[in-house]
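> Sharing the features that TrEMBL gives for it:
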- 84-136: domain 'PAC' (DOMAIN)
- 137-194: domain 'PAS' (DOMAIN)
- 211-264: domain 'PAC' (DOMAIN)
- 265-340: domain 'PAS' (DOMAIN)
- 342-395: domain 'PAC' (DOMAIN)
């Protein structure tokens, strides 16, 4: 190896003084680049063996991945006789690899020829690692910016001017990066928020607190609005100096619409459940625990809603149901859990008053998106009142059929008896019509009855006198006196026959008796008596006065036959009919309704 000139030694000494605090190593080689002697300092730093140094030179200490590149660069420098600089990983005697900045420069002699090569390796490991980390961080940032299409990511300077605009921001707001970068981010705010100072407040809040929420409507490039949920974060350097802001937001417009629609749907369901008079319920199909129970539970079952929800297991719920109906209720739940739609009826005891009520429940499976029964639901309706009405209608229908048969029989009997007594068709028509009218009045009274009501005797009597025009609806008339207790109810089955009897008595009085002459008078009295069997009976006394003897008829017509024969037979009544010197005296003792009202 050629001797190194004195000037090189001076330069080397100067360089060494500059690098005394940085890991470095020096080496030298002949003009052909081959080593000329053992480089102790180089090998002490790199751990390279003497054999490796002798055969490979400084390249022998490089990592294999970097050696090919270094060999090419070194060969180019030797051919060109020009300096070389590169960064590569060099082995360390202590183990591992470190990044070194390797320099090689030719030493030029007085004649301009290369007399030697001087090499220097400076440790730049921390700088390279920092630079690499920064580059990787920037790459990650770039990938994040490009891939986060659902998020708008903005980099702002300290004044709020947009420096970086991500592809996600373009998708959310509609501006391309070239159209919006360099503009103030206030362009994305709605006019009302800008006027309210929201832009300044957002930056000030982020600068003060480090981060501030950004949840509001924003403006798109096309003028439409989009709802953003995100935040703005202050960016500071290692000294805490504000460098700018990072704004990240997600377009929540559609999600917000769906969420709002869901909230509105839930609110409608809540109002629907609260308004329903029926019990709406939902159970988990597996555990059978309540998922939903409407407020109508309190009214129907007479128990607090919280108590019902606590009774979330089937055994607790069954406690409400009468023991004899529990099997049917449990079977219905089991069938619904198997995917069937079931309607069932059972009785339960209302806890608030202990009353037994009837419930009809329409139960159905509720499948999930895969068609599996996830829940079971039902609508439970207290139909006790409807059942009572239906039962009453059945009774009324049976009674109507019975009364119709009786009425036809009565009309047939009236027609037969009237025809037997009539002397002409005209006489038959008059008598038959009058008797049918009386029968119609009786049935008119019956048709106006409320449930459980009965026709009272005084109603029947006043109606008959009013129909003949001898008294008003209250039973007041110059030739009529009515004395008796009001409101004594008659049995429904006796009304028609009793009404016909009163009609015959009144008709005969008008035609032949006390009401056929101005001086005549009819007095009717009635009262309740106790019969020999202890039952109460109605005692009616009909008494006519002021009838001239010449008018008193001994003829035994239909009316008398009805009283003396039909009433005892059909009503189990006791009757007495007598034609006195001044008119008719008739006594009737008949059963009354067991629910007669106490009247005056």
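Here the Cβ of each residue, glycine as well, is placed from N, Cα and C on the backbone.
Since this is a predicted model, take the numbers as computed values, not measurements.
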> Would you mind splitting the domain 'PAC' (342-395) into helix, strand and coil residue counts from DSSP?
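Residue counts in helix, strand and coil order: 12 helix, 30 strand, 12 coil.
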> Restricting to the domain 'PAS' (137-194), what is the model's mean pLDDT?
88
> When secondary structure is assigned with DSSP, how many helix, strand and coil residues does the domain 'PAC' (211-264) contain?
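Computed counts for the domain 'PAC' (211-264) are 12 helix, 31 strand, 11 coil.
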